[in-house]
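Have a look at the structure below before the remarks.
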There are 2 protein chains.
Amino acid sequence: MEEIGFIELLEKKFNMSFNNKEIIEVALTHSSYANGRKNIKFNERLEFLGDSVLQLCISEYLFLKYKSKPEGELTKKRSLIVCENSLYHVAKKWNLGKYIKMSKGEEITGGRERTSILADCVEAIIAAIYLNFGYEKTGKFIIENFEDIIENAIKNRIIMDYKTKLQETLQKDGDVSIEYNLVKYEGPPHRRKFYTEVCTEKNVLGSGVGYSKKESEQNAAQDALMKLNVKVSML
Amino acid sequence: MEEIGFIELLEKKFNMSFNNKEIIEVALTHSSYANGRKNIKFNERLEFLGDSVLQLCISEYLFLKYKSKPEGELTKKRSLIVCENSLYHVAKKWNLGKYIKMSKGEEITGGRERTSILADCVEAIIAAIYLNFGYEKTGKFIIENFEDIIENAIKNRIIMDYKTKLQETLQKDGDVSIEYNLVKYEGPPHRRKFYTEVCTEKNVLGSGVGYSKKESEQNAAQDALMKLNVKVSML
């Protein structure tokens, strides 16, 4: 029973004792495992809850620690911290892949390494901890486990050049011209928001908003990469 | 001092006593009020925090109350509850517009009735309550104040026909042809995700994801309305 191994690992490493171990087992169960099996709960509902717990915890941490940073900067930092890549990074630290229950089919096609499966599972585990111990203890757990990611986000060490990544991705299959079109902007000069679309000759690939043209372009490129299902490693 | 009036109103109506009244005053201060004035704190940072508090509270409520609903449905219900229109509805119930500190310019151009200003202020007030009383009490406050909205969302009484609204909006200025293009789909048949873009002849107006074509089209239309800054009243 590998998932027991993970529960023990969690309990030991983070000094906690679960009343409700079943929830952690559910958190470690991917939806594919429930296909064709009866009465199996899987982690999607927990992921829904865990995402919000993580979001509040990181928001509060940034809000309290960076009292002079404006909202726009806090939002930017948070989006670097609360994202699939960060969750994936945490999953890898925990060696989570080997503990997840999934279907044989999912496993054969690389499920144990799949970014989305690992990231979603981390969110589900956060929810399971939240339901066992409440917000305060879960907050400490999150900060402890995301410390390096938070640190890197704060110090701008996370290099997220999505435009370069998008260009590399598209040009794998030959020369493609990519254009960034400013669609509109709004707001007063000191808080102006820019809306950009990234396009090839034929298609709009993504759109992004930002407080500078550059930022809106990066966000459009990130959106395009997500829509193209390209994983961007950030750590 | 009208903002004192609002603090008293909150304290009386919801039986709470603020230790830190300054935070509520900040929550009631729009950024425009700080322009040209020194050392004025305004509510944008609180809004950043309050949004996450609200999101977790509603997620937890839906998660615990609807144990048999899948994640997709919870997410859908949540997006009906946690959105600008709901927040605006709450602000109107509180008669919040008259208590917000804003610049004369903002006021003259209808600031006290502006959806975004009112919605953001409700989020900031939620954050101020959270910082005073913590998560549990704030959760009760939120559920109490969003009860009718939650009820309507659950019972599908919130009619959100974004496609109709988008068509009406675009055709105000003459005949416009609107197309919904399925860009791609992914996932197994029982959990398939659809990606749709809504376009006019010239432009992509928005994009949306959903668990049915219809849902992805509604979401694309909603995205387009947001990008066009069109307010959709839902209550």
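Yeah, the Cβs are placed from backbone N, Cα and C, and that goes for glycine too.
Among the candidates B:GLU44, B:GLU47, B:GLU186, B:GLU197, the residue that TrEMBL annotates alongside B:ASP120, B:GLU123 as binding Mg(2+) is B:GLU47. Residue counts for the domain 'RNase III' (B:7-134) under DSSP, split into helix (H, G, I), strand (E, B) and coil, are 94 helix, 2 strand, 32 coil. Here B:ASP51 (active site) is positioned 9 angstrom away from B:ASP120 (Mg(2+) binding site), judged by their C-alpha atoms. For the domain 'DRBM' (B:161-230), DSSP puts the residue distribution at 28 helix, 22 strand, 20 coil.
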